[in-house]
């Protein structure tokens with residue numbers, strides 16, 4: 001019975017996470033295919049490169065909310081363990097959506113969204129770290145990497161070892177998805193916030 005619940009939670013999370021809101025919103029707005037501009041990513045940062053700040057904000061919000069919703073729904077029928085599996089599923093769904101031949105986003109908004117659903121103070125810490133790094137360095141990718149690196153440590157320090165383990169895995173995946181950004185940061189060629197590629 002529990003195995004069935006856990007599988008359902010993982011699949012629920014994956015299906016929620018795989019909804020490509022950035023692509024959907026930009027198509028509705030009549031902009032060019034998001035995958036053909038900037039980084040080719042379907043997330044909010046690349047939507048911002050279209051010059052449509054409202055669309056970028058909506059993408060960020062909806063990508064976060066799909067993670068939060070998956071966690072809350074899974075928690076309602078399967079408890080904390082199911083919620084964590086839904087979080088993992090949502091993150092994987094965003095990174096590797098079946099609808100887009102498994103080529104999705106980099107996961108920052110969904111990371112925040114599932115963190116809101118599982119332990120909202122952690123999401124506040126993540127956002128504050130992101131903001132502080134963004135203000136000082138003006139690199140969206142670096143801001144996300146710094147915040148994601150510290151988040152599992154914060155969760156462990158405040159007595160949530162299971163969540164710390166989950167977010168350590170999510171952080172590793174997030175770093176992998178940002179591997180090209182890391183190379184550009186090292187080379188000094190990464191685009192700053194507000195710049196078009």
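Placement of Cβ uses the backbone N, Cα and C atoms for every residue, glycine included.
What Swiss-Prot records for 5-25 (among others) is transmembrane segment. Listed as Cβ neighbours of the transmembrane segment (5-25) (distance under 8 Å, sequence separation of 6 or more from its ends, same chain) are residues 33-35, 41-44, 46-47, 55, 58-59, 62-63, 66-67, 69-71, 73-74, 77-78, 81-83, 85-100, 104-105, 110.
The transmembrane segment annotation in Swiss-Prot covers 54-74 (among others) and is backed by sequence analysis.
What Swiss-Prot lists as transmembrane segment is 80-100 (among others), and the listing cites sequence analysis.
Residues or ranges marked as transmembrane segment in Swiss-Prot: 112-132 (among others).
Within the same chain, residues 80, 84, 87-88, 91-92, 95, 107, 111, 114-115, 118-119, 121-122, 125 sit at least 6 positions outside the transmembrane segment (153-173) and bring their C-beta atoms closer than 8 Å to a C-beta of that stretch. Per Swiss-Prot, the feature transmembrane segment maps to 153-173 (among others).
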